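S.K.: This structure is in structure tokens; I'll ask about it shortly.
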Amino acid sequence: MRPWSHDCRLYELLSRHRRADSYTQNPALPMWQGDAHDISNPAEEQGFAYRNTERRRFMTAVETETEAGRRAPALAGERAHALRRAGKSSVGTIIAASMVGTTIEFYDFYAYGTAAANYFPRVFFSDATNPTVALLLSLVTFAVAFLARPVGSLIFGHFGDSIGRKATLVVSLMTMGVATFLIGCLPGYDMWGVWAVLALCVCRFVQGIGLGGEWSGAALVATENAPANKRALYGSFPELGAPIGFFLCNGTYVLLELFNDDAAMLAWGWRVPFLLSSLLVVVGLLVRVHMEETPAFRAAKQDQRVVKAPALEVFRTSWRQVLQATFLVAVTYTLFYTLATWSLAWATKSDAQGGGGLGFSTKEYMTMLMVSVCVFALFIVLSCVFADRIGRRRVIIGSSVALLAFAALFPLLMNRAVVGVHNTAAAMLFLCLGFALMGIAFGPIGALLPELFSVNVRYTGSGIGYNIAAIVGAAFVPSVATWLSSHWGVGSVGLYLGVMALCCLVAILTCRETKNVDYMQ
């Protein structure tokens, strides 16, 4: 019961009592005084008895209302607890349902990023005479899905906030899975010419639409089922999909590179990771069709707080939070694709091919990436534990400051003139430091972004912010970083990352702490 309704009820009771008192023919008798022995007139005695009865009823009602007012917060908590228990998914189901989608997301995106950096320049852009131009054109197609992601967040956010998280996540996963599978089936430029490139872009766009509804829904499944004091830890489940998907994809490419030569990889080997993703999609669908709707959405629907146009409501009431979410996440995207896509091309390609000539083979560098991504997973969990204890804001501020320092120093570790050729220690230091900071910056985001929005627009708001961040922070990172490093040196890539880290720092300083928000509202 809200406080204002409680006060109105007391006022109503007082008014009723005064009307009852004036009903008697003895208005001179005080409301709270009077002795039956002083009454000689039967009419007065009847009025006194009536007032006594009404007085007892009044006091009983006041005590009841006052107790209800005192118990209102407890009752709200009990109701929230009951909603969580009613049809609640098991912890294992929550972990699997929230993690599998982001695992597929990062698996698919890294599969595409790796193929775009190593194979697509020769499969889909073989007519380009300049290898650097072919690489840049290939990496531009990488950006197509990021442009589609806000569209996906609007579509799936609308349904996620109006009909529920569960059904929306099932459809988004199917959309993403079908598009990824079709990429693995496409013929190359030699067979279809420019139509092959067009088909690749269409599949990539559809993939982006599916991905646009994935992360925000997965984060809500985790956090809306979480205990209040462990929301960041539960929010780490979808975040862990990033290193897991990365590890699975990288492992697949390493095994393929180990047992096949370059000709086989160009002919069919690059297709295998895309086709195998369909197995992950099947597993994800089996898990998600058996999970329950989240307690927060059930409460919103029960209280008739579901809005008809979540996107309009977000931009009307929460546009500041969308901007904050965008720049909180953008730096994590920039860092991830700098580490995983740009550095792969820079470390394995010669100067003539648009790389840095560091002397590593693709297999060697991918193996180092697989080792360093374990550091990524570890620091995601650690940062979320600390975010539950000291707050999300402090953790993100610390990671932003550390990223500014990393952006200034990492170019030294990737500069051939400084570290020489094939310097494994320098490359591992670059990757491990980068992924550790990535884990700290990325981990609390799974709880922080949804906490910025109310439950009736949470899917849409967090999804729009997250996916606009994908455009700002990642869409053109591989191509822009490749162009910057080939024209201005590796230091310009560090400057690019530093600007994004500074934007993140400004965004978190404008945010309130969300650790103790009422997540059912």
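Each Cβ is built from the backbone N, Cα and C atoms, and glycine gets one as well.
Annotations per TrEMBL:
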TRANSMEM  91-113  transmembrane segment
DOMAIN    94-515  domain 'Major facilitator superfamily (MFS) profile'
TRANSMEM  133-156  transmembrane segment
TRANSMEM  168-189  transmembrane segment
TRANSMEM  195-221  transmembrane segment
TRANSMEM  233-256  transmembrane segment
TRANSMEM  268-289  transmembrane segment
TRANSMEM  325-345  transmembrane segment
TRANSMEM  365-387  transmembrane segment
TRANSMEM  394-414  transmembrane segment
TRANSMEM  426-452  transmembrane segment
TRANSMEM  464-484  transmembrane segment
TRANSMEM  490-511  transmembrane segment
S.K.: The transmembrane segment (195-221): which same-chain residues, six or more beyond its ends, come within Cβ distance under 8 Å?
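M.R.: For the transmembrane segment (195-221), the sequence-distant neighbours (Cβ-Cβ under 8 Å, at least 6 residues beyond its ends) are 94, 97-99, 101-102, 104-105, 108-109, 112, 120, 124-125, 141-142, 144-157, 160, 165-166, 168-169, 171-180, 182-183, 186-189, 235, 237-238, 241, 291, 294, 296-297, 446-447, 449-450, 458-460, 462-463, 466-467.
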S.K.: Counting a contact as 3 or more Cβ pairs under 8 Å, with residues at least 6 apart in sequence, do the transmembrane segment (168-189) and the transmembrane segment (268-289) touch?
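M.R.: In this chain the transmembrane segment (168-189) contacts the transmembrane segment (268-289) - 3 or more Cβ pairs sit under 8 Å.
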S.K.: State the residues, same chain only, that lie 6 or more residues beyond the ends of the transmembrane segment (325-345) and have a CB under 8 A from a CB inside it; answer 'none' if no residue qualifies.
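M.R.: Answer is 110, 113-114, 116-118, 135, 139, 142, 242, 246, 354-355, 362, 365-366, 369, 372, 396, 400, 403, 414, 430-431, 434-435, 437-438, 441-442, 445, 448-449, 452, 461-462, 464-466, 468-470, 472-474, 477-478, 481-482, 485, 493, 496-497, 500-501, 503-504, 506-508, 511.
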S.K.: Who are the long-range neighbours of the transmembrane segment (133-156) in its own chain, taking Cβ under 8 Å and residues 6 or more past its ends?
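M.R.: Counting only partners 6 or more residues beyond its ends, the transmembrane segment (133-156) has Cβ contacts under 8 Å with 109, 112-113, 116-117, 120-122, 124-126, 168, 171-172, 175, 197, 200-201, 204-214, 216-217, 311, 341, 345, 349, 353-354, 459-460, 463-464, 466-468, 470-471, 474-476, 478-479, 482-483.
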S.K.: Flag the pair the transmembrane segment (233-256) / the transmembrane segment (426-452) as in contact if three or more Cβ pairs fall under 8 Å (sequence separation 6 or more).
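M.R.: Yes, these stretches are in contact.
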S.K.: Report, as numbers and ranges, every residue of the chain located at least six residues beyond the transmembrane segment (426-452) whose Cβ falls under 8 Å of a Cβ in that stretch; write 'none' if there are none.
M.R.: 216, 219-220, 222-224, 231-232, 234-239, 242-243, 318, 321, 324-325, 328-329, 331-332, 335-336, 338-339, 343, 347, 358, 360, 365, 368-369, 371-373, 375-384, 387, 392, 395-396, 398-400, 402-403, 406, 410, 413-414, 419, 458, 461-462, 465-466, 504, 511, 514, 517, 519
S.K.: Could you tell me the mean pLDDT over the domain 'Major facilitator superfamily (MFS) profile' (94-515), as a whole number?
M.R.: 90
